[in-house]
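This report concerns only the one structure given below.
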Amino acid sequence: MKQRTDNQGVPYSYLVDNIKVVLIFLVVFNHLIAFQLVKVDIVVRYVWYGITIFHMPAFIFISGYLSKKPQDVLKNVKNLLIPYILGYSLTWYAYIWTGRSMDYELLRPSGTVMWYVLALFIYRLTIEALGKIRFIVPLSIIFALWAGTRPEFTTYLSSSRIVVFFPFFVAGYLWKSDYTDVVRKFKGKWILLLVSALLLYAVPNFMIANEIPIDIFRGNHTYQLSGMDDITGMLIRLLMYLVSFMLVLTLLALIPDVKLPVTFVGRNTMGIYFFHYPIMIVLNGLLLLSIPQMLNVWVLFGVSWVLVLILGSKPVSFLYGGVLNLLTFILFKREKQVQDEGLEDEYDEDDRYEIILKRKKAIEELAATLDEEDARKVKDDVAAVLEHETEEQEEIRDEDFFVDENLEMEDGMDDAGAPQKFEQLQDLDDILEITEPQGEMEVLLKNKEEKAQD
């Protein structure tokens, strides 16, 4: 699978973009049919149930996969918290403008789609700590099953949904591109499609036949408020996890990993998610969605694609990004950017010695956790890159060093197993910032020892 590097520091392929295209279309289409058609058309109601059971879990799984890089709070405030406030306000205004009432409760985002943005903000600020817990995926599922019995988890701050959908985020966070390769090379992957199709047929039938409300899939209420006892609610929620993870595997196995005419949409899904719901509220308020029932599902299918393509276009993406940049510029004090000069201008000799010694110790500690052969390979690779920097006198961005360079090493060294160990190095901020030539490190260490003797 051809890979490039996403700004979150993970291997990023056209596969991820294409999956996001499918999922954002399902988000838009699902919301459109929910305005009118599910109330009168039983077939569309089946489709609605089928989409609802997995589209947001899959989206959150992909969001987790793209959140591997250590998170910057200010960046997440800009990209998530500000859009949350703006998106909620825009949705509220759309309701008011069309003559409908909606209480402005910013901390209780029910009635809008912005709960996902708030959840993503909280996930990204906590995942580095929670992602290190052993067996975090099954533990988070157990906790989510229990949370459905507790009235404390409500729509306030989307606390219920944050807990219910966290297993998908952490599973995506822990997912590796190697796992995707295994799934895509699985000879029986078409069996996944068959099983998924059967589940998407059977589960909505079961839910509708037993009058189980769709709210159980949305995760924003307790089991009792959703109209069922705790045991039944736990079983239904567990069914959602099983079906959703199966559908995620199917998408990873079968979605093409090539550039398609609509692949660009996958890079601009946030703007689509931000704008589509207020637009739908206005269209519905103007009765533009009240078209003949026989044509409704197909027309709404086409309208969904039109919205996705327009809102995912570069001009809209530029507008969305420009507004966020402007607000960030107004609200936050700009910090002076200091380019890394190999530590020469930023630290005196003692500080540089301490920093370099700390980095060297971190490398040795990581190497000690590996077997002898892999440890030697890691040390040799680090030394080779440092030597190359000295010879070429290049100033390389820290992030590029431990992402782009290591991706090139992976292409030629998969059999040796050492490149996988480099992923461990990528996780340490201290190691990420190595730019000091090996020769200068030795000089500084020697000078420090001489000072100590004096």
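Including glycine, each Cβ sits where the backbone N, Cα and C put it.
Annotations in TrEMBL come from automatic prediction, not curation.
As annotated by TrEMBL, domain 'Acyltransferase 3' applies to 16-309. In the predicted structure, the domain 'Acyltransferase 3' (16-309) carries a mean pLDDT of 92.
When Cβ-Cβ distances below 8 Å are used as the criterion, the transmembrane segment (21-40) is approached by residues 47-48, 51-52, 55-56, 58-59, 62, 113, 251, 255, 260, 262-263, 265-266, 269, 272-273, 276-277, 280, 284, 289-290, 293, 296-297, 300-301, 303-305, 307-308, 312 of the same chain, each at least six residues removed from its ends. Summarising the annotation, TrEMBL assigns transmembrane segment to 21-40 (among others).
The feature transmembrane segment is assigned by TrEMBL to 46-67 (among others).
As annotated by TrEMBL, transmembrane segment applies to 79-97 (among others).
Annotated transmembrane segment per TrEMBL: 109-126 (among others), in sequence order.
Per TrEMBL, transmembrane segment is recorded for 155-175 (among others). Here the transmembrane segment (155-175) has long-range neighbours at 56-58, 60-68, 107-110, 115, 118-120, 122-123, 127, 130-131, 136-137, 140-141, 143-144, 147-148, 218-222, 237, 241, 244-245, 248, meaning same-chain residues at least 6 beyond its ends whose C-beta is under 8 angstroms from one of its own.
Summarising the annotation, TrEMBL assigns transmembrane segment to 190-209 (among others).
What TrEMBL records for 238-258 (among others) is transmembrane segment.
Under the heading transmembrane segment, TrEMBL lists 270-291 (among others). Long-range contacts of the transmembrane segment (270-291) within its own chain (CB-CB distance under 8 A, at least 6 residues past either end) are made by residues 24, 27-28, 31-32, 35-36, 79, 83, 86-87, 90-91, 93-95, 97-100, 112-113, 116-117, 299-300, 307-308, 311-312, 316-317, 319-321.
According to TrEMBL, the feature transmembrane segment maps to 297-327 (among others).
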Annotated stretches the transmembrane segment (238-258) and the transmembrane segment (79-97) touching (3 or more Cβ pairs under 8 Å): no
Proximity of the transmembrane segment (190-209) to the transmembrane segment (46-67), 3+ C-beta pairs under 8 angstroms: yes
